[in-house]
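For reference, TrEMBL has these:
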type: BINDING; residues: 30-37, 147-150, V176, 184-187; note: ATP binding site
type: ACT_SITE; residues: H37; note: active site, proton donor
type: BINDING; residues: Q61; note: beta-alanine binding site
type: BINDING; residues: Q61, Q153; note: (R)-pantoate binding site
Amino acid sequence: MEILNTATALQARTEEWRRAGQRIGLVPTMGALHEGHLQLVRAAAQECEVVVVSVFVNPTQFNNPDDFRLYPRLPEADAELLAPAGCTALFLPSVEEMYPQSTVLQFSFGKLEQVMEGTHRPGHFNGVATVVSKLFHMSRPHRAYFGQKDLQQVTIVRQLIADLSFDLELVVFPTVREADGLAMSSRNRRLSAEARAVAPRLYAALQLAAQRSTARAVSPEEARQAALDYLAAEPAIEVEYLEVADARTLQPVTEWQETKTVALCLAAHLGGVRLIDNLVVTL
Ligand SMILES: Nc1ncnc2c1ncn2[C@@H]1O[C@H](COP(=O)(O)OP(=O)(O)OP(=O)(O)O)[C@@H](O)[C@H]1O
Ligand SMILES: CC(C)(CO)[C@@H](O)C(=O)[O-]
Ligand code: BAL
């Protein structure tokens, strides 16, 4: 596995791979890798001759300076995990390399960004769209791999690909979970023992709302409230939002007949660590 630190080096290799007719798979990450990331890398390695994994804690997508400061950074451990998973090239740029002019582009994704992460993390999707666009240009992937855990991100990246005519296929990989249901996330490392013990409740709450939804015995708001009540029983969990949304448009669902596939999405704080999760249910 080669390690590339500059855009110029990555672009030069990209040209060589393309000229040799090799398919390039890109897996963008912020590092502190776990099994969820590694499954994306393995999937890319099955489908592409070249797998580029970027590890970059992107400052422009953080609205909370403490979240950025405390985000886990483990580049040596990441490199050791990536080679056996099938990564060809690890792209590990500095902030100066990615933002030589400190420009953050302004994007507009309309209603898609006026809900959930978009409203609760102002500027977040501008930062994501900026860095993802730059990574797409530098590595010119045939396929780009993203996780369903960040469902709104996937929806916005799909829109970005269409809006900017990126010639690539978006691959969305299902959420990889711990045995007790907790969605794997780099931020899980920051959970205290007490917070980790109650964290599986997030997924359990989504499953509860999903059961109510599929039975259609209750309204979307009642399904949502059942999940909120379940979470309220655990004082260590502070819910930021919990939405029953149309899985395609991400807009809130108020009546079941409006939509066939709903996404149950939540963000919650556990002892100072903010986690998100979602469950997509076809009615
Ligand atoms: N549990 C998971 N299952 C599948 N894909 C995942 C999982 N966790 C992260 N990913 C995906 O990996 C890519 C990189 O994500 P990222 O580096 O932000 O990791 P993360 O674990 O989501 O960290 P955090 O949520 O703490 O930022 C994203 O496309 C993300 O959706
Ligand atoms: C896509 C991404 C790598 C952009 O910084 C990040 O948002 C993430 O890790 O999901
Ligand atoms: N996994 C999404 C990136 C972020 O939380 O900033």
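Glycine is no exception: its Cβ is also placed from the backbone N, Cα and C atoms.
Where the annotation comes from TrEMBL, it is an automatic prediction and has not been curated.
Around L33 (ATP binding site), taking its Cβ as the centre, 26 other Cβ atoms fall within 10 Å, counting all chains.
Of all the recorded positions in the record (H37, Q61, Q153), the one with the smallest CA separation from S186 (ATP binding site) is H37.
In this structure, the recorded positions that sit close to ligand 1, with a C-beta under 6 angstroms from any of its atoms, are M30, H37, V176, chosen from M30, L33, H37, V176.
Taking Cα separation as the measure, the residue listed as 'active site, proton donor' is nearest to V176 of the binding-site residues Q148, Q153, V176. By the rule that a residue counts when its Cβ sits under 6 Å from some atom of ligand 2, the binding-site residues M30, V176, S186 yield M30. Proximity to ligand 3 (Cβ under 6 Å from any of its atoms) holds for these recorded positions out of L33, H37, Q61, Q148, S186: Q61. A sphere of 10 angstroms centred on the C-beta of M30 (ATP binding site) encloses 19 other C-beta atoms. A distance of 11 Å separates the Cα atom of M30 (ATP binding site) from that of Q61 (beta-alanine binding site).
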